[in-house]
């Protein structure tokens, strides 16, 4: 178990930031002096002045060397954006980074290791917006992650290049780096927008030697070295990311957050506790899963900035690094072992053990061999002893039979002297037949010499055997080690031929040695493995011990039975021996007497009696012998069964050994076959390599020969007669190629003319758009004039209303003056006149209100039409942009066609000159297009100025709809023109395909004449290289133009944004002015209220005058006072309730009618009393009525003015909202246009790359064809 190595590297600071930095570094710890809790310790901390080599040598160098030995390794840089991660990993030409240093160090260690052969593969991928892209094969995008038992976690479809030098690796890396996503932010000009993983797969095995092919091991070590450059975490507030950059930053932060959670879980030991670690939440953590708590050596380089602005980001980076310190990995060597490799490895280990035994333990091995030989000898002796015992038993049985035969002969001799009956003879014959059996322990004495000696020998031997066996059999069975050292028992030292002597002279061997007996049939022990021999000895020893236990138990049982029988026979034998001795003495006496006197009848009787006794004894003896024979037979059968089992076991062992030998031989044969196959494959590869080298040398020779042939052809042009047909064919080919060239030139001229026509059409369309813009500007000016006219008319109307208001006020004053002079009879007429005047004023007010409403509606309509006109102008702009894009597409297609024509015309110098002319024309076209673009930009500025002018207008736009319809028709025409352009483009693409087919035909014809035009083909290759460089230059120029076009669009969008901001500011100012107007209107309302109060004071004064005038009639004065008081209250109420003007108007009219009715009543009452007084009071009454009417008109006017101002404010607010909506739409459209431009740029770049790849393939095909042609020559 080894933990992750974590080092910290600080980015260099400016002098100002270094003074204000809150972080302090001391040795391998970093802390904030003001915060005691913010202190971190790491394996290494590198200050601002350190070099990348120091960072590499801290831990990465060891990881690289371990990767060569078969350990997985991972190194990745972590930190916020603009902290120096890419500089640490990639470096620069002056100061190389970790990846170049690791690559060079890797190849250096491989070159130093001469005992192994290596195969290196590299891959380079990026994780962009959670999509895996192959940087070595840009067409491979959105790859998937898979997992299996053999490969583990891997990316399916990822391209892996076999590399053989560090220069090749770095070149491939540069190629992949050119396809990496890099963007610009406020914090970094070249900010990495994706995570990249540079992976080296290292395979190695031991070198195959000619002498020791069988000794080599096929175990393959496979290790993976990952060098990861992570994208930095960022904050949108600091980087200013928007749109695509914001999306990229969110994906980067999400993946880094998942990495942080995985590190946190592993540092807390969640995985060891059976918890869940979210490796699958991000593709980055899924790919790096083996490096995070798995089978790998891992190092983290944490890049930080000590500036005070980025204190929070530095703190989070250091917390991540401190958590990573607690994560442990378990790295081990990754080897792929086959069965053959395992067998070879075991053989190698066995051979190493043997060599060790021979070298270091030679004495000990000799002793072990001697012990093994002794055990084998002992086992063979034991075996021979068993065989001798069997043979001796056979000899003993044969000897017993021989003794019985001799006894039978003696009995026959005796029976010849005595006449016996047939019954006795039969008995004797039966006795002789039965007496042939083995006589083991008890043999009767039939004669003095032979039988007594035999019996004494047998008894002495039996007693010695019994004594020896009793000592060994009374106790338990002894182990083999004691049996070997058991004392010997000499049963009969004098008898050298006896069986027991041979048995006792043999030493009991070690039973484990029975299997390993060195006999002629068995192979020598030196040819076997000592480990295998020991295992077989242990197994056979166990089997032999089991068989020996079984044999001993059976033998003990049989011997116990024999002992019992011997006891019985001993008891019977004493009496039988005595009787035998007596019978023998008597027989001898009788024999001697029989010689003397043969005719003595008493002697005959005695002989008969003795004969009967002998027969009885013989019967008993035969029965006992039968029992003994049965027991012996059972014991022998058991011994035979045991021996058969032992033989079967030995046969099984022998068969198992043979099977093992056969299996070993098969394994050896298979190993040899596998080795032969591998050797054949390797030899085939070597042969292929040598053949390739030979072919290359032959190709060079053919090149040299072609050059010599060309020189010879140049010299042989003098022999025109011999080479005339070749020259004729060559001239025909040149003519055909010139004709094809002319056709190509014509097609190019047609394409060029079509492009010129398209350019002219675009210029015409541009002129039309300019005319439309001029017309729109004139319309806008007319609308401005009309708006000014409407404003003047509105001013006139307002002045007219004010004059009418003043007239009405004067009229009311006149009426108030006339009230005092009116009589009671004329009050009714005046009342009617007042009503009529009031109604007229009402109608006039209604007319003015309707006019104002109509004007406001017209204004809203004009603003809506204005907004629609602006939208249509935007559409025109977008269509113009689309036309410009089409022009750029046509330019790109023209460039592609130029490239194809360049490839086709590279064979002849004349075509090159024409192509240069075409390039000049194309350059002129590009200049014209650039001028057109500048003009379009100028027109855009003019249009933007016109839009700014239009934003401030609030006048009517009546005729704009018709003109917009006309512009729509024109737009439809433009769309039709665009479709025509598309069809032309399709036709041009078909022409291009035809050109490509023609090129293919030309190539085929060139292949046929390659034998005769080798020099020209070589020149063509050189020219192709030149034109490929030109193509690259053209593509770079196109890319620069596209970038410039993008920058121009961005500048225009920024201008539009600034203008829209200005419009917003103007709208805000208008809102402020409207608020000021509202305040002014409120102040006017207050002033009106104050004037109404003044008028109420005047009414009070007039009431006092009426009181003085009505002194004559108290009733009339009281009525007038009450009426005046009511009018005062009503006026004050009307001033307070200014918001509810209509209700107050109704209330005032009703009150006025009541007053008029009261005035009529008063006039009737006063007509009878005093007309003169009424006439005097008429003037103040009229003044009052006039003042009331004037107040009513003022109230109506104030209400109308307030309503108008409210309506104006509402309309202005609506206009502002519409403008804001239009601005937001413009912003969205600009964003969409920028995204479309980016997509199209990506598609165009992808197409260019595909075409470049196809051209490269064509070049390779041409080279192959050249090589094939050279081989055929």
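Cβ atoms are placed via backbone N, Cα and C, with glycine included.
According to Swiss-Prot, the features are:
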| type | residues | note |
| --- | --- | --- |
| DOMAIN | 3-327 | domain 'Kinesin motor' |
| BINDING | 79, 80, 81, 82, 83, 84, 85, 86 | ATP binding site |
| COILED | 333-408 | coiled coil |
| REGION | 452-474 | region 'Disordered' |
| COMPBIAS | 453-467 | compositional bias 'Polar residues' |
| COILED | 602-674 | coiled coil |
| COILED | 751-1023 | coiled coil |
- Item | residue 80 (ATP binding site) - helix vs strand vs coil (DSSP) | strand
- Item | Surrounding CB atoms that lie within 10 Å of the CB of residue 86 (ATP binding site), all protein chains | 24
- Query: For residue 80 (ATP binding site), which residues in the same chain are close in space, meaning a Cβ under 8 Å from its Cβ, but six or more apart along the sequence?
  - Reply: 232, 233, 234, 303, 304, 305, 310, 313, 314, 317
- Task: Please average pLDDT over the coiled coil (751-1023) for the predicted structure.
- Result: 67
- Message: Using the CB centroid of 79, 80, 81, 82, 83, 84, 85, 86 as the ATP site centre, which other residues of the same chain sit with their CB within 8 A?
- Response: 11, 77, 188, 232, 303, 305
- List of residues, in chain order, with Cβ under 8 A from that of residue 85 (ATP binding site) and at least 6 apart: 77, 78, 79, 192, 229, 230, 232, 301, 303
- Item | Other CB atoms, at most 10 A from the CB of residue 79 (ATP binding site) | 28
- Where residue 85 (ATP binding site) sits in the secondary structure, as DSSP reduces it to three classes: helix
